[in-house]
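Enquirer: Structure in structure tokens, see below.
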Amino acid sequence: MEQPVLKARSPTGQTGSAVPTAKQPSSNTSDTTGPKEVELILVKEHNGVQFTASTLANQAGRSHAPGPSHGHTPLPGEERETWGKKIDFLLSVIGFAVDLANVWRFPYLCYKNGGGAFLVPYMFFMVIAGMPLFYMELALGQYNREGAAGVWKICPIFKGVGFTVILISLYVGFYYNVIIAWALFYLFSSFTGDLPWVHCNNTWNSPNCSDLWAFNTSLNDSHKSTPAAEYFERGVLHLQDSEGIADLGLPRWQLTSCLGVVIVVLYFSLWKGVKTSGKVVWITATMPYLVLTVLLLRGVTLPGAIDGIKAYLSVDFLRLCEAQVWIEAATQICFSLGVGFGVLIAFSSYNKFSNNCYRDAIITSSINSLTSFFSGFVIFSFLGYMSQKHNVPLDKVATDGPGLVFIIYPEAIATLPGSSVWAVIFFIMLLTLGIDSAMGGMESVITGLIDEFKFLHKHRELFTLFIVVSTFLISLFCVTNGGIYVFTLLDHFAAGTSILFGVLIEAIGIAWFYGVDRFSDDIEEMIGQRPGLYWRLCWKFVSPCFLLFMVVVSFATFNPPNYATYTFPMWANVIGWCLAISSMSMVPLYAIYKMCTLPGKFCDRLAYAITPEHEHHLVDNGEVRRFTLQHWLVI
């Protein structure tokens with residue numbers, strides 16, 4: 001129900017008394033004899049959300065664009081872009097969260113850690129941490145309507161964590177796009193009657209290559225390598241031409257071309273904002289489900305498939321007594337939902353203010369987990385087939401990471417009738433899984449920076465071009481002969497401990513400094529329903545404790561990166577740690593910068609730094625809510 005009323009704009013930008021006021025000219029204005037400007041504000045209330053339209057009496061034709069009166073006042077003539085349709089947003093979030101790790105990581109973890117029993121710690125951590133953090137980021141972005149850095153006007157001293165997640169997304173883009181380029185290379189290679197990873201008679205093969213289909217050689221023979229493994233490492237990566245990370249060589253033109261195609265697709269998907277990216281995800285977010293279903297229908301008909309699925313689901317509750325099982329479940333939750341990359345904040349910032357972000361959080365996070373579980377049936381039906389075909393235990397063919405989708409799975413597909421068709425279908429799925437996740441990471445960087453530096457709004461196309469070209473140039477290191485070493489180093493350090501640290505600081509900043517009660521008020525203002533006690537307890541206590549535990553475990557269980565038998569030199573590990581620290585250091589560096597640039601004594605500076613920007617007038621009057629015990633105790 002809309003109820004128009006006449007109100008005056010208070011000095012802080014909030015609707016106050018119900019009578020019009022005169023806008024007083026500033027003290028430095030020379031003309032003090034002219035007519036005073038009277039500002040009339042029409043306020044419409046709808047579902048608890050106020051929308052305002054104001055007009056200056058002596059300046060006909062000038063008015064502010066309608067928008068929610070919740071603290072962020074758009075510049076005159078500026079109106080934030082919104083999704084064309086609600087489904088565009090949902091598909092974008094699902095497309096980002098459901099990525100390659102859902103296919104190559106979760107099924108293997110489930111198999112390795114007690115089968116169906118692994119779902120117990122997985123669902124436990126999903127409920128107490130995954131969903132609450134997912135919901136928190138969607139609500140944060142939607143209410144403040146800015147990117148990962150701009151939202152921290154709610155607590156300025158924490159803005160550094162916004163730059164932390166933006167940097168992490170940028171770093172991930174340096175190597176994630178390379179995976180998509182590999183998939184594209186495999187896709188082009190699949191348009192042939194005889195797949196190139198079937199036999200050992202190619203120019204890239206070594207004397208150790210053993211044609212499994214001809215000699216039925218055991219897969220666990222350490223002195224032999226399969227045609228599929230040699231195709232990936234020697235035919236695609238040309239790893240044999242590099243002695244290590246100190247011997248990279250020049251970029252391979254084939255992979256560089258594929259990487260260039262990926263970058264072009266990303267640019268034209270992002271250059272116009274969510275109006276274009278929201279349409280691309282109709283294909284990239286839905287195609288994987290169609291392909292997974294087709295592959296499952298084919299996989300379950302193969303001999304040995306049922307054995308593979310049984311191994312995937314076999315329940316071993318005794319494994320739940322092992323701490324490592326719970327740690328791996330917690331780690332999977334942290335990374336699978338995509339919290340901490342700034343993407344959820346960026347995407348939700350383009351929502352309508354009254355959008356039901358609570359429902360969106362439940363739907364999208366549930367779909368993400370169900371997709372991971374569903375993909376396990378697809379993967380293990382083929383792994384069971386491989387195990388029976390070569391008469392080896394399942395654990396000899398079960399693996400995770402790139403080796404699963406670029407070696408084991410192509411190897412299985414190559415044995416099927418019409419193998420080229422199945423290969424094309426499979427790598428199209430990998431492409432679509434990767435593209436929309438890459439789009440999300442790029443959007444986090446672009447939205448986060450253009451919202452922080454307003455002048456970039458008018459040059460979004462050029463700024464997007466700058467970001468994707470910069471990403472392409474750095475990614476060239478990953479498509480050299482030794483590029484897999486750079487890839488492994490980035491993968492190990494770019495988004496490991498640093499992203500856990502970023503989400504921890506984010507949770508503390510919102511739940512403790514901004515206040516979980518105030519955050520709940522914001523959500524109620526948007527959707528007309530206040531979060532229940534369960535969500536508030538998770539935000540204030542459970543999720544921060546969970547994240548702190550994960551950060552400690554991440555440091556305690558750290559192992560230096562390695563690729564197969566290659567061990568990285570010390571200087572490479574130092575570079576990796578510098579990369580990780582560079583993003584985490586944004587938090588203390590910005591806090592120091594903020595404290596040094598604010599006026600007044602230390603206590604005054606601290607008060608301004610931890611108080612929302614639109615409440616700074618209260619600090620001027622000596623009212624600092626965060627200096628009271630009640631603020632820290634309320635839930």
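Even glycines carry a Cβ here, placed using N, Cα and C.
No curator has checked TrEMBL annotations; they are predicted automatically.
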Enquirer: So CYS209 is in a disulfide according to TrEMBL. Which of these is its partner: CYS200, CYS258?
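Expert: Matching partner in the record: CYS200.
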Enquirer: Of the stretches 161-188, 326-347, 570-592, which racks up the most C-beta pairs under 8 Å with the transmembrane segment (493-516)?
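Expert: That would be 161-188.
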Enquirer: Can you count the other CB atoms that lie within 10 A of the CB of SER336 (Na(+) binding site)?
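Expert: The answer is 23 other Cβ atoms.
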Enquirer: Pairs 6 or more apart in sequence, C-beta under 8 angstroms, 3 or more of them: is that satisfied by the transmembrane segment (570-592) and the transmembrane segment (367-386)?
Expert: no
Enquirer: Let me spell it out: take the transmembrane segment (326-347), skip the flanking residues so only those 6+ beyond its ends count, and list any with a Cβ under 8 Å from a Cβ in it.
Expert: 89, 92-93, 96-97, 99, 101-102, 105-106, 109, 113, 118, 121-122, 124-126, 129-130, 133-134, 137-138, 140-141, 147-148, 151, 162, 165-166, 168-169, 172, 274, 320, 365, 368-369, 372, 437, 440-441, 443-445, 447-448, 495, 499-500, 502-503, 506, 546-547, 549-550, 553, 557
Enquirer: Would you kindly list the residues that approach the transmembrane segment (161-188) from elsewhere in its chain, counting only those six or more residues past its ends and only Cβ-Cβ distances under 8 Å?
Expert: 100, 147-152, 236, 254-255, 258-259, 261-263, 266, 340-343, 402, 405-406, 410, 423-424, 427-428, 430-431, 434-435, 437-438, 441-442, 444-445, 448-449, 452, 467, 471-472, 474-475, 478-479, 483, 486-487, 490-491, 494-495, 498-499, 501-502, 505-506, 509, 579, 582-584, 586-587, 590
Enquirer: Radius 10 Å, atoms counted are CB only; among the recorded positions CYS209, LEU433, SER437, which position scores highest?
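Expert: Output for this query is LEU433.
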Enquirer: With contact taken as 3 or more Cβ pairs under 8 angstroms (pairs 6 or more apart in sequence), are the transmembrane segment (537-558) and the transmembrane segment (89-107) in contact?
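Expert: By the criterion, they do not touch.
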Enquirer: Of VAL98, CYS200, the recorded positions given in the record, which has the fewest other CB atoms within 10 A of its CB?
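Expert: CYS200, out of the recorded positions VAL98, CYS200, has the fewest neighbouring Cβ atoms within 10 Å.
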